[in-house]
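Structure, as structure tokens:
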Amino acid sequence: MKCVCENNARCDPVSGRCSCSPGWTGHNCGKACDSGHWGADCAETCSCRNGDGGCDAVTGQCICEAGFTGNRCDQKCPAGMFGLGCLHRCQCENRALCDHVSGACTCQVGWTGTFCEKPCPQGFYGLDCQKKCLCLNGGSCDHITGICSCPSGWIGPSCNLTCPAGFHGKRCNQTCVCLNGGICHLASGECVCTPGWIGPKCADECPAGFYGADCQQRCLCQNGATCNKTDGKCLCESGWTGTACELECAAGRFGVDCQQMCDCENGGQCNIKTGRCRCTSGWTGDRCEEACKSGLFGVGCKERCRCAHGASCHHVTGDCQCPPGWRGKLCDKVCLPGMFGERCMQRCSCAQGTSCHHVSGECGCPPGFTGNGCEQTCIPGTFGLNCNQVCQCSETNQFCHPVSGLCYCAPGFLGPKCDQICEDGRYGPSCERECQCQNGGKCAPSTGVCECPAGFIGPRCNITCPAGRYGVNCSQVALCGDGAQNDPITGRCVCAPGRRGEGCNQGCPSGWFGAECNQRCNCSNQGLCDPATGNCTCGLGWTGDRCDKECPAGRYGANCQLKCHCHNNGSCDRVMGTCRCGPGYYGHLCEHACPPGFHGPLCQLQCDCMNGASCQPVSGECVCPPGYHGALCHRVCERGRYGQDCIQECDCDNRTPCDSVTGKCFCPPGKTGPRCDTDCRADRYGPDCTETCECENGAPCDRRSGRCLCPHSWIGLLCQEGGPPRYTHGSNRGDLQHITPAPSSRRTKTDEPVFTEEAEVKGQV
């Protein structure tokens, strides 16, 4: 027969009875064990807990439900594990309890959320965050205990009390340091200054030009006045009055608040500050009480009269007041024929054809004179009455006296034959006069007029070439850079500290300063070094003589001059004042452009512009001052150009050079005017006609050098010596008084031989 056993049961070969494998039962082993039973033929009973008591039908091993483990399922899952087979790890945080069956979290006091990962929301605390906090004034409570944590400036169980006076900060344990009546902020401790004071401790007065709370109000005082740092009231300088010191003292008053009276005379005006008199034309003295001295006129009595023949001029206008016998604007013309005397108003009474003396009116000219007014001496080579006798002087360089006919050496010569020229340093008749030239100038032996060496001008060669000029007659232009002087002789530029190069148009290289740029700068932290003095200009966040000190607390910016305004424990960046600004700007609100010499992000890039040029704070592009161009403003305008970026052309006559900054023409000697196309007027000379001629007796001066061009018979530096014979009216006849430099003659104080009424006129026929 066939066995019918199932599920791997064994069949007895004799009886055919089935022996079931563990977990099975029934006559053919086709039935699984009932719950709670296991083993062969399901004969064993399960011994499991915490569930339905079921176990594995084959092995009898307990099958635990979720949350339990152990051979008999009599143990809960270990801490941190949960679920079926205790295979899942708990995710609860902050010491929360984890359910061993489901893994659900039971939160500790002060925590919430699925995994107890969140503290109680603001304003709540305790178990399940059900309790409401009672903190005031921005205080926060502990999410577990509910105890209040007060912000700076507050204390008390519910943060309901302010800090006592003089204290601030967290728990009010910091002492206030405000000075000059400043009030301390309860939270930050920052001082709120009284009007007129600023600074972290209110220790600094408002800077010049500002007053009031936080020094935010701008003073309105004008004309150098100072304003009260508290209320802005103006304290006027001498010479000003008014609420804003905007009014000048009225005429006749000066001093503080215009309380003093002026005492100027003759129309003089007094200085509103000092009361010093400013005189009108023709007057001088402390009170303008004195007229100009003889020979001078005009404003400050600085103009020299140009009247000839000893005439005086009006002290105000300079108009010449002619002596008898002379007329004309400069009294350089004799009376018209037939007239003589005061203002040439008298008519001659001489017979027709007979000359009349222009001074005395006497008829007929005395010996040695001719002309309608007897004003001219005999022409060279003639002498005597009516100049009709011929001189007998045979030697070269000999003159013939117009009255006597005596022969004498011309000025500048001496010796028996008048063939010896005056030695160096002497000039004039018989070489008796001493030259007055200075600075190596040489004088002409005949007239004494100086020939000046390079570097000097003037009648005595006593005037050094003005700045920017050199050479003979100061005719050369020295194009030296800003602040440089030039040698008046060679024109070589002498550079000021901080400049170098042949034309002093180059600045010191970076890191060097002083004369010839031979001193090394010692500025730290990228501080800029002044090329002239070496003084350091500190970058942002640094201060001190060497820019080696960081800004103190509460300060930031260039040289630490700006005040921080951070609140609620905010910190102030010593460089930028907390604001992150774009290139070219800095400050709490980015309201400050980079200080001079800096540009770019955080203003940390140094401008490399030269010659005092500034640079754009954003791009660093150089903005050249007038007179310079180039990417670094390192190039001086080429000759013939000037101004901003050197785009303007000089408008000077004959290609005369002009100032590279202003375009003003450098006029050569003898020229003036905006274009240097105007000749100097008769009484001026030198470069731009800046010097005043000193020539006398109507002599003009050379417009270039200032040398006097003496008329016939006049000599000396200023043509003040010699002159024609002078007519003296002393008897019934006209006699002469004249220079006769004969070697044996007796001399007067002016070394002039004199012919008077008693003098014998020799050589007369």
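Using N, Cα and C of the backbone, Cβ positions are placed for all residues, glycine too.
Caution: TrEMBL annotation is automatic and unverified by curators.
The domain 'EGF-like' annotation in TrEMBL covers 1-30 (among others). Looking only at the domain 'EGF-like' (1-30), the predicted model's pLDDT averages out at 87.
If you look up TrEMBL, you'll see Cys20-Cys29 (among others) marked as disulfide bond. The Cβ of Cys29 (disulfide bond) has Cys5, Glu6, Asn7, Ala9, Cys18, Cys20, Ser21 as same-chain neighbours under 8 Å, each 6 or more residues away in sequence.
What TrEMBL records for 125-160 (among others) is domain 'EGF-like'.
The disulfide bond feature in TrEMBL is assigned to Cys150-Cys159 (among others). Following the DSSP three-state reduction, the secondary structure of Cys150 (disulfide bond) is coil. Non-local contacts of Cys150 (disulfide bond) by the CB criterion (under 8 A, 6+ apart in sequence, same chain) comprise Cys135, Asn137, Gly139, Gly156, Cys159, Lys170, Arg171.
The annotation domain 'EGF-like' is assigned in TrEMBL to 168-203 (among others). Using a Cβ-Cβ cut-off under 8 Å and counting only residues 6 or more beyond its ends in the same chain, the domain 'EGF-like' (168-203) has close neighbours at 150-155, 162, 211-215, 228-231, 552-555, 563, 566-569.
Under the three-state DSSP scheme, Cys193 (disulfide bond) falls in the coil class. The disulfide bond feature in TrEMBL is assigned to Cys193-Cys202 (among others).
If you look up TrEMBL, you'll see 211-246 (among others) marked as domain 'EGF-like'. Beyond the domain 'EGF-like' (211-246), the same-chain residues lying 6 or more positions past its ends with a Cβ under 8 Å from any Cβ of the stretch are 193-198, 205, 254-258, 271-274.
The secondary structure of Cys236 (disulfide bond), as reduced to three states from DSSP, is coil rather than helix or strand. Summarising the environment of Cys236 (disulfide bond), the number of other Cβ atoms within 10 Å of its Cβ, over all protein chains shown, is 23. The annotation disulfide bond is assigned in TrEMBL to Cys236-Cys245 (among others).
Taken from TrEMBL, the feature domain 'EGF-like' covers 254-289 (among others). Long-range contacts of the domain 'EGF-like' (254-289) within the same chain, counting only residues at least 6 positions beyond its ends with a Cβ under 8 Å from a Cβ of the stretch, are 236-241, 248, 297-301, 314-317.
Using a 10 Å radius centred on the Cβ of Cys279 (disulfide bond) and all shown protein chains, the other Cβ atoms total 23. If you look up TrEMBL, you'll see Cys279-Cys288 (among others) marked as disulfide bond.
Note on the domain 'EGF-like' (302-332): residues 280-283, 291-292, 294-296, 340-344, 357-360, 373, 375, 682-683, 692-694, 697-698 of its chain, located 6 or more positions outside it, place their CB under 8 angstroms from a CB of the stretch. Summarising the annotation, TrEMBL assigns domain 'EGF-like' to 302-332 (among others).
There are 24 other CB atoms within 10 A of the CB of Cys322 (disulfide bond), with all protein chains counted. Among the features that TrEMBL reports, disulfide bond is placed at Cys322-Cys331 (among others).
Per TrEMBL, domain 'EGF-like' is recorded for 432-462 (among others). Residue counts for the domain 'EGF-like' (432-462) by DSSP state, with H, G and I taken as helix and E and B as strand, are 0 helix, 8 strand, 23 coil.
According to TrEMBL, the feature disulfide bond maps to Cys452-Cys461 (among others).
Look at TrEMBL and you will find 556-591 (among others) tagged as domain 'EGF-like'. When Cβ-Cβ distances below 8 Å are used as the criterion, the domain 'EGF-like' (556-591) is approached by residues 152, 185, 187-188, 190, 198-200, 537-543, 550, 599-603, 616-619 of the same chain, each at least six residues removed from its ends.
If you look up TrEMBL, you'll see Cys581-Cys590 (among others) marked as disulfide bond. Around the Cβ of Cys590 (disulfide bond), the same chain contributes Cys579, Cys581, Gly582, each under 8 angstroms and 6 or more positions distant in sequence. Secondary structure at Cys590 (disulfide bond), as computed by DSSP, is coil.
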**Q.** Tertiary neighbours of Cys624 (disulfide bond) (same chain, Cβ under 8 Å, six or more apart)
**A.** Cys609, Asn611, Ala613, Gly630, Cys633, Gln644, Asp645
Q | Separation of alpha carbons, Cys279 (disulfide bond) and Cys193 (disulfide bond) (Å) | A | 52
Q) Reported as an integer number of Å, what is the Cα distance between Cys245 (disulfide bond) and Cys279 (disulfide bond)? A) 26
Q: Sort the residues of the domain 'EGF-like' (211-246) into helix, strand and coil with DSSP and give the three counts.
A: 3 helix, 9 strand, 24 coil
Q: Measuring CA to CA, name the entry from the disulfide-bonded residues Cys279, Cys452, Cys461 that ends up nearest Cys322 (disulfide bond).
A: Cys279
Q) Do any residues at least six apart in sequence from Cys288 (disulfide bond), in the same chain, have a Cβ closer than 8 Å to its Cβ, and if so which, in order? A) Cys264, Glu265, Asn266, Gly267, Gly268, Cys277, Cys279, Thr280
Q.
So if I measure Cβ to Cβ from Cys331 (disulfide bond) and keep only same-chain residues at least 6 apart in sequence, which ones fall under 8 Å?
A. Cys307, Ala308, His309, Ala311, Cys320, Gln321, Cys322, Pro323
